[in-house]
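Report on the structure given below.
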Amino acid sequence: MRMSVGSAVPLPLWGRTFLLLLSVAVTQSHWPSEPSEAVRDWENQLEASMHSALSDLHETVPTVVGIPDGTAVVGRSFRVTIPTDLIASNGEVIKVSAAGKEALPSWLHWDPQSHTLEGLPLDTDKGVHYISVSAARLGANGSHVPQTSSVFSIEVYPEDHSEPQSLRAASPDPGEVVSLVCAADEPVTVLTVILDADLTKMTPKQRIDLLRRMRGFSEVEPHNMKLVPVVNNRLFDMSAFMAGPGNAKKVVENGALLSWKLGCCLNQNSVPDIRGVEVPAREGAMSAQLGYPVVGWHIANKKPSLPKRIRRQIHATPTPVTAIGPPTTAIQEPPSRIVPTPTSPAIAPPTETMAPPVRDPVPGKPTVTIRTRGAIIQTPTLGPIQPTRVSEAGTTVPSQIRPTMTIPGYMEPSTVTTPPTTTTKKPRVSTPRPATPSTDSSTTTTRRPTKKPRTSRPVPRVTTKAPITRLETASPATRMRTTTSGVPHGGEPNQRPELKNHIDRVDAWVGTYFEVKIPSDTFYDNEDTTTDKLKLTLKLREQQLVGEKSWVQFNSNSQLMYGLPDSSHVGKHEYFMHATDKGGLSAVDAFEIHVHRRPQGDKAPARFKAKLTGDPAAVTNDIHKKIALVKKLAFAFGDRNCSTITLQNITRGSIVVEWTNNTLPLEPCPKEQITALSRRIAEDDGKPRGAFVNALEPDFQAMSITVTGSGSCRHLQFVPVAPPMRVPSEAPATEVPDRDPEKSSEDDVYLHTVIPAVVVAAILLIAGIIAMICYRKKRKGKLTLEDQATFIKKGVPIIFADELDDSKPPPSSSMPLILQEEKAPLPPPEYPNQSMPETTPLNQDTVGEYAPLRDEDPSAPPYQPPPPFTAPMEGKGSRPKNMTPYRSPPPYVPP
């Protein structure tokens, strides 16, 4: 009984142990091997349960890492492939946009088929752009549910950036030709095609497609091309040594420059075959393929843009840093010594090489010096320098102490060249004379004059002298420079620049714009190197700077001398070019500018004249406005070379500008070419065309244009259009060599306007005088209307003598009517004479009057008075007067 109970309740010791081991084994077989797996399994079960219960809730979007940041360069194509397999799976939509925005930047284009992001940035797109790439899945309600997202940045660098990202991002094929790489001081030969297009109006895809279509002509990959807009209407490069035309007759848009490299330091003889560009550009095949008119092309050598030296702070507080010296090797180890150093910086043993192994100077090869910004401290040496080992104090003295530093940062190489060992006299510099080209319009390539011989490229001096020992310590900085120099300049005094090649002489012509680029090998400075690193100043003989109103100007930034002389500047002028280095020392080169008379004189076949609004004094007294006017006139004709325009005169009458075109041949008369040029700028009635107005705006406003033939076309009038005049054949006039060409326009005005007007006025005046004399003579002897009216009103009838009847004379009113049968009246009674003396008879007068009647016979016939007008009248309107008074007879007394 006891045994059964005892064996049933308490288990033996080995039984409990066996059960414990069995339970542990079973538990381990079902438990995960790692705690993380259990956690993940639990999270997956929890996520599945939450998704089944809350299917409408958005899930948290995880961030996917895998798209690296990139960089782009202005004018270069950018292309990057998005690794969509890391973001999206089957059935998901990829959306690419600017971070925080709905669309991409204006210069980027996303291609969903190839999953590439490409574009071509302009100067306005510089900076950092953040791009967001997200994957979304179509939800049950039709909306896109974001799944994953990633953000990366693209930094756009300026145009002159040294290493374009497009070369790295494009990932060219293994068999593709690598882009040309020139030496640091070697110019790059670039071919540029000018297009009549506006890049700001293009989409990013159109810009990339333009580069791809150009690949058929250039045989260069798009990422090796450069596409930039035209700045300040500079379509053509004045330094080009080859050029050719396109099919575009005029420029409408702002313009675009598409260029690529041809080689390094090429010239006219070493340029590769460019017929694949020259012929299609001229014939229009390139324009048809690209979709934009081609204005022309040119080839020029471009200087590489070397990184500028960063100004350092001289009095910076030195901070002790650890300097790692280059490894040294020695066959026999000499005894160690200690060289005193300032502030005893801790110098670690050489564990990492940041400079080439130390070797003796090799003739003809430069040495490398690593410098940092900060204070420079010279390390004194004791006795001759010998290779040593590291001493117990931790100071290392190498065989030749080299400048070393351990500050990590950006290494920027720069090259310092040595002056040339030989000097060659440079020939005279002259601007291309505006010669008369041939009438053959098929010429497509324009070559510059023969290349001027220059001195050979500077060769580094051969030296075996060890470089100056220098130990540099600097405060913490983030940049350091690697300077390659043929001759060390540390510690040497500043030397004056040297004149290597003289400018000598510059030729210019009256009324023609000229410009001269000062060559880079004119001066040389040991510290600042070539001329373009020096400061140039143009002065007169008395150390006076050239004024703003001078006819010749100089741009010290671009080192370009330009001007526009007039007839008063004919002759020789002396100027001085001063080159100053950074230390203030200068060198001088004296040269002459020879101004010649107009190349065509009075033989130009046509004279163009435009009337502009404004004050002519503001143009004639400002050389910059005058040059701007010449450039605008050349631009209106489609000529980028301003020397094709010769300014003849600027007169009053608003602004009357007269010029000639040097591209026209003198003989025979180029009537078709002049007509084409005239129609380019003016209508048939003399009104300016819109292209001419736009070319002159906003500085000048055109009012009217006149194109008159001269020289071989002197009998033609082009604008306003007039029928040609027939001129009788006559012997050619003798040319006057000293005639002032500026007076020819005034002579033409007098000949065609003033003299005919004076002749017509004189003829009209003489005709008027003759008509007046004839009128006066015709009116002489006639009464006026007043006189005629007076005579008619106050006059009496006139009876002439031949109108009277002689048989019966009319009775006269002056005699009494006496009948024939009547007897004469009795005589008056006689009175005695004893009358008083003081008394007079009353009829004394009557008795006296009729006294003769008493003496006559009473039987005599009565008195017959003469007719009234027996004699001619003494005057008009006079009336006969009775001289004797008449009185009535006495009363009749019958017998």
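Using the three backbone atoms N, Cα and C, a Cβ is placed for every residue, glycine included.
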CYS669: disulphide-bonded cysteine as recorded in Swiss-Prot, out of CYS642, CYS713 = CYS713
Task = May I ask you to name which of ASN641, ASN882 Swiss-Prot has annotated as N-linked glycosylation site?
result = ASN641
Ask   = Quick one: which of 160-166, 776-782 does Swiss-Prot have down as motif 'Nuclear localization signal'?
value = 776-782
Query = Could you state the CA-to-CA distance between ASN649 (N-linked glycosylation site) and CYS182 (disulfide bond) to the nearest Å?
reply = 49
Message = Whole-number answer please: how many Å between the C-alpha atoms of CYS182 (disulfide bond) and ASN641 (N-linked glycosylation site)?
response = 30
Ask   = What kind of secondary structure is ASN649 (N-linked glycosylation site) part of, going by DSSP in three states?
value = strand
Message = Within a 10 Å radius around the Cβ, which one of these glycosylation sites has the most neighbouring Cβ atoms: ASN641, ASN649, ASN661?
response = ASN661
Inquiry  = If you compare CA-to-CA distances from CYS669 (disulfide bond) to each of the recorded positions CYS264, ASN641, ASN661, which comes out shortest?
reply    = ASN661
Message = Check the DSSP secondary structure of CYS182 (disulfide bond), expressed as helix, strand or coil.
response = coil
Ask   = Of CYS182, CYS713, the disulfide-bonded residues given in the record, which has the fewest other CB atoms within 10 A of its CB?
value = CYS182
Remark   = ASN661 (N-linked glycosylation site) sits from ASN641 (N-linked glycosylation site) (Cα to Cα, rounded, in Å) at a distance of 11
